[in-house]
């Protein structure tokens, strides 16, 4: 249920609603458009990977999320508590996949549009305060991402309680909110194999090394400015 509310937040307005179902007006979700062409991130990320990742993998999470929400709506209407509980894992996994990927696309930008340019705003200062330097942050995130067993995500987040930026990892498609309600995602890097295998095979560290060339620090800085105000 928490994921349903999270995905509908204004910060994810780009994810869009697909249709309205049922007497209570159940809202379901559609695949957001990318703010760049599939080939715009080459050579760091190939057009083939971007198209498959967006059209197939992200779409699959949305399709299954919508299905789970419809089943949840029906279960609630019937008062079927057992079915409601059973559906929570599907909602968390597929809803998390939608939330995470909607953030991920915004975290990337072509080099010609500023991708890879380090932050020089207050976010840059916050990174220096927490990690010592921008390069130290990249080293830490690369190490955390490479060391994550199985599939998951590595995040740069604002901890609104500690009032500092931190690095976190989440397994599978768990969204960052599962690690703490005070954590706001600024930057998320997908380390599932589907994000890099066609280009980098099983060498995840090479993918992590190159993705920084197309990271959209302008977007991360905008989120930081808004959430830290």
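Every residue, even glycine, has its Cβ placed from backbone N, Cα and C.
Model, not experiment: these values are computed from the prediction.
Per TrEMBL, the features are:
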type    : residues          : note
DOMAIN  : 28-109            : domain 'Manganese/iron superoxide dismutase N-terminal'
BINDING : 53, 101, 190, 194 : Mn(2+) binding site
DOMAIN  : 121-222           : domain 'Manganese/iron superoxide dismutase C-terminal'
Task: Among 53, 101, 194 [binding-site residues], residue with fewest other Cβ within 10 Å - done: 194
Open item on the list: Please compute the mean pLDDT of the model over the domain 'Manganese/iron superoxide dismutase C-terminal' (121-222).
Closed with: 97
Task: Which same-chain residues, if any, lie at least 6 apart from residue 190 (Mn(2+) binding site) yet have Cβ under 8 Å of it - done: 53, 100, 101, 104, 153
Open item on the list: Cβ within 8 angstroms of the Cβ centroid of 53, 101, 190, 194: which residues besides those meet this for the Mn(2+) site?
Closed with: 54, 57, 58, 104, 192, 195
TODO: With DSSP as the reference, give the number of residues of the domain 'Manganese/iron superoxide dismutase C-terminal' (121-222) in helix, strand and coil.
DONE: 52 helix, 25 strand, 25 coil
